């Protein structure tokens, strides 16, 4: 039995996953986190630093890191890359003016070797807004089809209504679980 | 063994027979020692895995690396489909190599590890370079909707590089988004019905007075100069970017202000306001009243009793205790009321 098998078994026993949630400021990262956890979302302030939440879902223990997206915080994102199983990239679907920014930040992240093994979930958030772009438009704008280095999926959602949040997280967990817990 | 012992006992005192006897014993002991060493070597070999050797690792790593290098060098000049396929293969192989390295970390020396990591990084960047060279990024743009009949031809030409006639995202008009853009010297108003639950966008306004009655869902202001913008309760966030010499008046849940100078904000904020890359921004409590303001607050869901207008976080000034020089509280005698 190799060491890798042992480590895998240990992780399986704990069934623990580390998810990192990133995106531009005002994308709705904290709102997604709190809504998913069933907390009040009307008192959320712009994130000055990061939030971490540990919660149980589908028998997994999820450690979700939500790091602030302001420009001055982005250089600190790297401090959170280590042993990330899943990357959640949150997009404000109505913010057309910063889609190019959004694409650049995401593609830079995907080159990070410490995120090389992570599954990517893109949340096309704020679908409750009348001006929100569809997930297809976001997929094109972020050039997701060009991503060959990561498993990825885009889900349209609304953190305010909670729509599709569960679907997104479920897909992410299934993909990660298939990768770390069952493949041998 | 028994035989030897017996022999010893029988002939123990016989000096003549002693020499060959000892020689025999020594030989046997030597034999046993060699066998023992052999056995130990064997067990040791069966325990250690060939894969967990630095040498094996560097051999395998280098072979794989050479293979990827060759894939990449074959890309130049090849046609697009071939390049795509080769790049994909190279990317997959690089990923595998990365995995191989991660799995081998435990038995590698730090030197070997850093050497391998550097090599991987080089591979990744040369993949990126080759990709960039062989197929430049498609520029994203919105186009008019293509009719069903156009779709076939659109698909056929999809592989060809896009023409330059496409508009950039920045300038894309959006029929569904509500707001004003590229205006100067005007009085602009929207009614409660127009604004209700919309994502409002105001861009490139100069010398304008804007009145938005009612409760939008969110509000974005970008490239605003010398304007006075008043808005009813915004139920979620307000995002301000590149605004100068202006007066902004609104209630909201969150406010993010970027690249803004010499601007007054009359604010009702139920969570927090932040500034980033701003100078000379001053804050005062929201002071606009219009007939349906009370109802609008109720519609927006904002708490009228909670106003944190004076608690502004500056992302460029994280020293606790010393106030940020980038913003201030507007002096009471300088505050205005809007009607």
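Cβ atoms are placed via backbone N, Cα and C, with glycine included.
Here the structure is a predicted model, which means the values were calculated and not measured.
If you look up TrEMBL, you'll see A:23, A:24, A:25, A:26, A:27, A:28, A:29, A:30, A:69, A:125, A:126, A:127, A:128 marked as GTP binding site. For A:30, A:47, the entry in TrEMBL reads Mg(2+) binding site.
Proximity to chain B (CB-CB distance below 8 Å) holds for A:25, A:128 among the binding-site residues A:25, A:27, A:29, A:30, A:69, A:128.
The Cβ of residue A:29 (GTP binding site) has 29 other Cβ atoms within 10 Å, all protein chains considered. Recorded residues residue A:126 (GTP binding site) and residue A:30 (Mg(2+) binding site) have their alpha carbons 13 Å apart, per Cα-Cα distance. Following the DSSP three-state reduction, the secondary structure of residue A:30 (Mg(2+) binding site) is helix. Note on residue A:69 (GTP binding site): other Cβ atoms within 10 Å of its Cβ, all shown chains, come to 25.
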